[in-house]
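Summarising the annotation, Swiss-Prot assigns Zn(2+) binding site to His98, His102, His108.
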Amino acid sequence: MVTTNKQIEEGYLKYMDEILKTEIGKDVNVNLVFIDKGEIERLNNQYRNINAPTDVLTFVYGDDDLYAEIFVCEDVIKENAEKFYNTFEKELLTVLIHAALHVAGYDHEYDTTNAKEMFQKQEEYLKKYDVDNN
């Protein structure tokens, strides 16, 4: 079950729950936390040694009883939406799908085979849940 500290369209949480259930096969507790640019830059530096803000960071805990925290920065998502000629809604959906796939165990930084599969799945879910055309 996905919970959040910010009021967002209910569909986003439903989509994340569906992806997690499909990919993992069971319910997962996920805390979706919206934070500012300074805080996400601090976390990115602390955990990835990258001294810059990012759109999303995902942390997964446990093996059998999975729990995850997903930190999202709206300001970076807005910037990326402009940069990639997306609506904010589509960019947010992209980030949340991406994070859900990380929770499900996909990794694009250290495993190139897994990265290809992850980005294919990300595109499939983007088409399925296309917020700009639903």
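Quick reminder: no glycine exception, Cβ is built from N, Cα and C everywhere.
In this structure, His108 (Zn(2+) binding site) belongs to neither helix nor strand by DSSP; it is coil. Same-chain residues that are not part of His98, His102, His108 yet have a Cβ within 8 Å of the Cβ center of the Zn(2+) site turn out to be Thr58, Ala99, Leu101, Tyr106, Asp107, Met118, Gln122. Note on the binding-site residues His98, His102, His108: the fewest other CB atoms within 10 A surround the CB of His108.
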